[in-house]
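A short worksheet on the structure shown next.
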Ligand SMILES: CC/C=C\C/C=C\C/C=C\C/C=C\C/C=C\CCCCCC(=O)O
Ligand SMILES: [Fe+2]
């Protein structure tokens, strides 16, 4: 009693096609019909068929799929199924059934039509029931696990192989990831061989391993790393722009000896002028340092005081490497007027501490691990037809796998941290725990975070400027989508799945983070929009801002040493031998360079922010919102490109075309 055109779209990456047979049913409100098609399921192809159905199916609700095989199981990646219903007037009505999943095994997969959520309380509760069954299954596939006490929960998976296929790297990504790591290890072997017969006694000796692919900015770091303004610049626009604050008083830990009265006066003057800034690494105080191959490494917990010059340059005024400790002499203050090697070593200690807080707090915790909580909660709480699922899922691609790999290779027993980082061997987990204990909702939202840190309205604060612009753009996008589905606050309040999602993130995934300002429910559309904006910002812009700089700022190892092999200086007598004995050895430096390159380089299969191909939503409203998002991003792109042309040091980590749509590395 009806004629239908059916389009079956297969994914375009390696192994998306399948040799197995797939049976299809159209499921309407009144009846369902098997289509009896012979599909070819070729990679990257769309197949169109016309079929006549003798029953009156009524309005179409679902497409059902079942893959069958004779000998070999061959998974199929289905993008979507589209059905056109021929109406009497010959006008066709298009109905979308998004899938974007692997079809494995021989179970039945049921795809609700793209606008199902709008009708969830109609059609005899069929969509509602489907959503409940879907979540029941997903909750068995995506379970929470405590990897280490005191850290956000993670997905239960001992290795990436335990993850559901839908969240695994596609073949191309896997080959690239593993291939470049192998190439990196070869690189290390060659560098070690090359340095075997040479000396490792002066800073220039690091040049012996500073070859291979390098960014232009990495070369500039190599040239300029000793300069004070270059050191200061990194707090604003380097790999870790998350720590600096404008001082509101002189820090209590800063003990200024009487003979440095002049410094006290200068600091107070800068404070009054509103030009005094600080970077405080106290979170590292008392963390146990690593022992690498029997050699104890060392850690500091510095405080850096900086002043902002009228031209926007940030210059260090004093460095205290350790907090004062009762019963011990006051820690010395290192100054730009100290002998050059002494001052250089003090700055190197700061850069080493920054490496720790950057990688563990800003990078791993505040992007990767938090995004994993969003991902697991989304899979467990939001059915595929839920608009927030559709909005977020492109921003969660590959995150569970990269994090699982981090837990097995990077921060694991014997992983990269244990091998070459001075917080490794357990200290890194303590830093993560401490950082988790003070993780606030505000700190994940740039308008609040930058205001709290006194960094608004500073022309040379490029990260801050671009982050705020991106926050606004993402916020407008989120609001556009949310308002299509939530006509008023009451609709938000009465969405049980959405409320459960929020609660699961805050109370379960983030282990009771309501104490630190995270919501346990949404009372309004505005609260929902703010939270979802934070999720997307964290998974995209923030991660890009924190991740990409590894390539530039960590390649020249003295600028950001991964470990320190001697204790911090307690006097100003510093020799070159002491500096070289403190900085990483050849192997440590080589591994740092390789991993920084591996993690910071451009990802070959990268999807830029807002440019995912998956179409989970149907209808013109959503298209218009997405188009507007892309236009806003293009405008920002042009602004940043133009701005950077006039800069000595361009800042491009938040240029939209360089921002990945999710955390994939
Ligand atoms: C110079 C950089 C050193 C350490 C980087 C530290 C933190 C990075 C934070 C998040 C990265 C997230 C995931 C990376 C996952 C895996 C890395 C794999 C390294 C594997 C090395 C190996 O031996 O195979
Ligand atoms: Fe990363």
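Every residue, even glycine, has its Cβ placed from backbone N, Cα and C.
Binding of Ca(2+) is annotated in TrEMBL for 74, 75; the matching candidate from 2, 17, 125, 131 at the same site is 17.
Per TrEMBL, the candidate among 465, 483, 530, 543 that belongs to the Fe cation site alongside 363, 368, 665 is 543. Checking the binding-site residues (75, 363, 368, 543, 665) against residue 102 (site 'Essential for stabilizing binding to COTL1') with a 10 Å Cα-Cα cut-off leaves 75. Mean pLDDT, taken over the domain 'PLAT' (2-117), works out to 92 on the 0 to 100 scale. When the binding-site residues 363, 368, 543, 665 are ranked by how far their Cα is from the Cα of residue 74 (Ca(2+) binding site), 665 comes first. Candidate recorded positions: 17, 74, 75, 102, 665. Those with a Cβ under 6 Å from ligand 2, in sequence order, are 665. For the recorded Ca(2+) site, residues 17, 74, 75 set the reference point as the centre of their Cβ atoms, and the other residues of that chain within 8 Å of it by Cβ are 15, 16, 18, 19, 20, 41, 76, 77. Distance noted between the C-alpha atoms of residue 363 (Fe cation binding site) and residue 17 (Ca(2+) binding site) is 36 Å. Counting only same-chain residues six or more apart in sequence, the Cβ atoms lying under 8 angstroms from the Cβ of residue 75 (Ca(2+) binding site) belong to 15, 18, 102, 103, 104, 165.
Comparing Cα positions, residue 17 (Ca(2+) binding site) lies closest to 665 out of the binding-site residues 368, 543, 665.
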